[in-house]
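Single-structure report; data block below.
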Amino acid sequence: KEGYIVNYYDGCKYPCVKLGDNDYCLRECRLRYYKSAGGYCYAFACWCTHLYEQAVVWPLPNKTCN
C-alpha cells in the first residue's frame, strides 16, 4: 500500500519542499508506520511506500484539512 502520510488531528498531509528523495519524508513515514516503509516528497507532500494494508493514509473520512 502507498499513500500520503496524514495528520490525524486536522486531516492535512505532511508538507515538504524538496521534491523526490527527502530525508524528512523518509523519517516521518518510518516513524508513523515502521522501519521498512519508504518515503519521498511528491506534489509537495510526503508520500509513503511499502505500508501494511491497514495503514491510515490521506484522505481521512470526515476530516478536511483546515
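Even glycines carry a Cβ here, placed using N, Cα and C.
Here is what Swiss-Prot says about this protein:
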type	residues	note
DISULFID	C12-C65	disulfide bond
DISULFID	C16-C41	disulfide bond
DISULFID	C25-C46	disulfide bond
DISULFID	C29-C48	disulfide bond
DOMAIN	1-66	domain 'LCN-type CS-alpha/beta'
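The Cβ neighbour count for C16 (disulfide bond), using a 10 Å radius over every protein chain in view, is 21. Neighbour density around each Cβ, counted as other Cβ atoms within 10 Å, peaks among the disulfide-bonded residues C12, C48, C65 at C48. Of all the disulfide-bonded residues listed here (C25, C41), it is C41 whose C-beta has the fewest other C-beta atoms within 10 angstroms.
Taking Cα separation as the measure, C29 (disulfide bond) is nearest to C46 of the disulfide-bonded residues C12, C16, C41, C46, C65. Comparing C65 (disulfide bond) with C41 (disulfide bond), their Cα atoms are 18 Å apart once rounded.
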